[in-house]
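Here is the structure we will look at.
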Amino acid sequence: MESRGLVTAVSLTLSICSLLLLVTAIFTDHWYETDTRKHKEMCDSQGNSDPTEQKNRLMPLYQLPFRGDPSNTRRLGLLSPAPAGGVREPEDLLENWRSLLGLGVLESDCGRPLFSTYSGLWRKCYIMGIDKDIDSLIIKGIAQKCTAIKYHFSHPIRLRNIPFNLTRAIQQDEWHLLHLRRITAGFLGMAAAVLLCGCIVAAISFFWEESLTQHVAGLLFLMTGIFCTISLCTYAASVAYELNRQPKFIYGLPSDVEHGYSWSLFCAWCSLGLIVAAGCLCTAYPFISRTKILHLKFARDSCV
């Protein structure tokens, strides 16, 4: 009985630590990061930091979350400076993609407004203190530091002067990314809920039907591990899918931009490891203890 209580205490401790790590991962925004410092240094060293290129960096395209009323968007020129209150829409860039390429705005990676970012499940933010250009835009109120990640699909946009196949591909990519994001968030939420139930059941096992409740808690912990695995794999798939979206001159990243997973995702993986360990401990111990009891009974009967 003492060993069973010790196993329950260890598994409960592991599950609580796992729950804390999982909640930390869910509510922090450092799942994925991009670092454009080397990219900017490379562009500067190649002499691409001329006034035109600098102007392009100070006139962010649709990727930047702008403040203000979207009704003012259409009255602004696509390549005009973005004033406080101006909002750029994705279709503005896409409708004029040929002219943009002709003007050379997107032909060169150094002409693109790329800034260091970090993102989580709920929002994407720019890293302050690295690039003075984005710092200036945020301080002036032209751009927001963080923007919410979409979990709903807006009405299909009508794109002019753009091939139908490209328009359809962009919309299909939006659908696929939306589903992947929903799967990631949904399964992670279910994992947190099931893990909380498992912790409660494990705590109850100290006072009532220790063998049964311990086994049920172990099954709940293993179910949490399955949900976490699905969620984390889906998140990795969504990141890879987004990096390979078409057209590359809008959605892709230059080779010299460093990008990768960050500490929030590490917390989620650590949570997965702890909860699987707790689940295996809770589910395996009753069978091991039962085998030992049967072996002792058999040895005693043999002696008699």
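Using N, Cα and C of the backbone, Cβ positions are placed for all residues, glycine too.
The topological domains that Swiss-Prot gives for Trp122 and Gln214 carry different names, which places them on opposite sides of the membrane. Sequence-remote contacts of a segment are chain residues at least 6 beyond its ends whose Cβ falls under 8 Å from one of its Cβ atoms, and for the signal peptide (1-25) they are 31, 188, 191-192, 195-196, 198-199, 202-203, 205-206, 210-211, 214, 217-218, 221, 224, 228, 264-265, 267-268, 270-272, 274-275, 277-279, 281-282, 285, 289.
Here the topological domain 'Cytoplasmic' (208-215) has long-range neighbours at 1, 4-5, 7-8, 11, 201-202, 282-283, 285-286, meaning same-chain residues at least 6 beyond its ends whose C-beta is under 8 angstroms from one of its own.
Packing against the transmembrane segment (216-236) from elsewhere in the chain are residues 8, 11, 15, 18, 22, 31, 180, 183-188, 190-191, 194-195, 197-199, 201-202, 205, 265, 268-269, 271-272, 275-276, 278-284: each is 6 or more residues past its ends and has a CB under 8 Å from a CB in it.
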